[in-house]
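Per Swiss-Prot, ATP binding site is recorded for Lys11, Phe59, Arg87, Thr93, Arg104, Asn114, and the stated evidence type is sequence analysis. Summarising the annotation, Swiss-Prot assigns active site, pros-phosphohistidine intermediate to His117 and lists sequence analysis as the type of evidence.
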Amino acid sequence: MAIERTLSIIKPDAVAKNVIGQIYSRFENAGLKIVASRMVHLSRADAEKFYAVHAARPFFKDLVDFMISGPVVVQALEGENAILKHRDLMGATDPKKAEKGTIRADFADSIDANAVHGSDAAETAAVEIAFFFPQVNVYSR
């Protein structure tokens, strides 16, 4: 098993519902360590840069508008197979299709307000973690 890091974002809808602690408990109960964390209210420029891969997609403007609608909590998670483990915890993008007991099934309202973001691959995770955390601010433990 490989020790990996992945980026996780608790989105504005979940922050507003005050379920940050419940989501963190799920990470830790699954064996993921939080190795960096911060709350931030993204600027439009930062949200557009972070989601630039989706710039040509029809949902891009709505995604950016949503991500700047309130603060988010960003964390780097570390553990065995962290990327897949985190994606399994999140559940399907559409909370109506997410398995019971996943973060999105339990806390998300819609495909847009779907509570969490997670890296989809090791390469993406490295870029996304670097976007929010200079390497000096990520601490293995």
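Cβ atoms are placed via backbone N, Cα and C, with glycine included.
Bear in mind that the values here come from a model prediction, so they are computed numbers and not experimental data.
On the structure: features taken from Swiss-Prot.
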| residue | record | DSSP (3 states) |
| --- | --- | --- |
| Lys11 | ATP binding site | coil |
| Phe59 | ATP binding site | coil |
| Arg87 | ATP binding site | helix |
| Thr93 | ATP binding site | coil |
| Arg104 | ATP binding site | helix |
| Asn114 | ATP binding site | coil |
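A C-beta separation below 8 Å, combined with a sequence spacing of at least six in one chain, links Asn114 (ATP binding site) to Lys11, Asp13, Thr93, Asp94, Pro95, Arg104, Ala108. Arg87 (ATP binding site) counts 18 other C-beta atoms within 10 Å of its own C-beta, drawing on all protein chains shown.
Neighbours of Phe59 (ATP binding site), defined as other CB atoms within 10 A of its CB across all chains, total 12.
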